[in-house]
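**Student:** First the structure, then my questions, so here it is.
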Amino acid sequence: SKLAALFEHPLYNIPVPEVTEKDKLFIVNPMEKFSLRSSGSDEWVSSSKAETLLPTGKTAYDTYPTWLKFHISINRYELYPRRDPLLPMLLRDLATQRIISSVQKSGGTQLKLIMTFPNYGQALFKPMKQTRDQETPIDFFYFSDFERHNAEIAAFHLDRILDFRRIPPVSGRLVNITKEIWDITTDKKLAKTFFISPAGNVCFYGECSYYCSTEHALCGKPDRLEGSMAALLPDKTLAKRRSWRSPWRRSYHKSKKAEWELNPNYCAQVRETPPYNSGHRLLDLIDMTILDFLMGNMDRHHYETFEKFGNDTFLLHLDNGRGFGTHSRDEPSILAPLQQCCSIKKSTYLRLQLLATQPYRLSDVLREALATDPLAPVLAEPHLQALDRRLGKVLVVVGHCLA
């Protein structure tokens, strides 16, 4: 296993700083019963019995459901530990737990559902919109592209292989539209959008600002539909998150360019602007840039951090559905922060060099990681080959900077 060998490598065993009480997202008394009450948010508890104490019986940590252990383990330095024994269990839960509620998630441009499990865990479901081998048409703007369920799955594994561990766990899942969405939804707006197509397939389209119409309906075969199931982060009422506008955000306009596209010295002014003028925030942003370039994701307008940790913490790499849309061409402008700032974490650079060598080749380790997903193969082969090519280009840019 190349993947196992990679994670045994010294570069993947650099210790994180000691985690003190103030570095933990939640401080939990291990002797106390964990009470999960409705916080009034659709992201946390849906219409089921929200006042039930969880878990019953013993109050020890090992009786907590896996999703809760995941939330409790989040700290200032990482979303989950490198050698996390919970990870396989959490991925299995996302793929197999019975779904007792499906409601549409508000906001966003495309249809997403919040699904709830009997143990109060929840997942964000993004349905399949196109096949693995369909590339984004060359005349499409990045902001009008489809979101891809398989990109969410692949992004999680790629982020882990790069040792960032900033994307919540994601698993693929085959969902029965009739039994696991239509029959159990309490969302009246969503319920109105189900129909049977002329081919006899069960379809629905929900309500959203783009691609929510009969023409863009999501249809099963006849009612089986692929999708990605992402573990939800703790509810914002329990763990506030701050949203930051990326300094290298695109203009989201068909003809206007952003300032960074016109000013080659743009990084100089970013370096003088808080929070990029101190700490490792700029370097973390460049990590995210490299992840996005490898995936071909141009749609990174914001990122988030946990408010509790202030400016000294990692960035959350959320919403990666617009990655892996093209394999036949690369988008060099995604690397602008790296090119303009000529800065990269030494640890990131050393890992990228390692992933460019034969024993740990990036495409091989990602292919191996994705082979365990219920929807394997997750990526078409040309996307895996493109990763090696793009990794080479990142190393060339760093080489120019070093020169």
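Heads up, the Cβ atoms here are built off N, Cα and C, so glycines get one too.
According to TrEMBL, the protein carries these features:
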type	residues	note
BINDING	Gln110, Lys126, Glu147, Ala230, Ala231, Leu232, Leu233, Glu304, Asp319	ATP binding site
BINDING	Glu147, Asp319	Mn(2+) binding site
DOMAIN	194-402	domain 'FAM20 C-terminal'
ACT_SITE	Asp299	active site
**Student:** Based on Cβ atoms within 10 Å, give me the single least packed residue among the binding-site residues Ala231, Leu233.
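**Tutor:** Each of the binding-site residues Ala231, Leu233 was scored; lowest Cβ tally within 10 Å is Leu233.
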**Student:** At 10 angstroms around each C-beta, which of the recorded positions Glu147, Asp299, Asp319 has the fewest other C-beta atoms nearby?
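**Tutor:** Comparing Cβ neighbours within 10 Å for the recorded positions Glu147, Asp299, Asp319, Asp299 has the fewest.
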**Student:** Around the C-beta of Gln110 (ATP binding site), how many further C-beta atoms are within 10 angstroms, looking at every protein chain?
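**Tutor:** Total other Cβ atoms inside 10 Å, all chains included: 19.
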**Student:** Distance between Glu147 (ATP binding site) and Asp299 (active site) at the Cα atoms, whole Å?
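**Tutor:** Given the Cα positions, Glu147 (ATP binding site) is 10 Å from Asp299 (active site).
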**Student:** Which binding-site residues are spatial neighbours of Asp299 (active site) here, meaning Cα within 10 Å, out of Gln110, Ala231, Leu233?
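**Tutor:** Cα filter at 10 Å returns nothing.
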**Student:** What mean pLDDT score does the domain 'FAM20 C-terminal' (194-402) have in the model?
**Tutor:** 95
**Student:** Over all pairs in Gln110, Lys126, Glu147, Ala230, Ala231, Leu232, Leu233, Glu304, Asp319, the listed ATP binding residues, work out the largest Cα-Cα distance in Å.
**Tutor:** 20
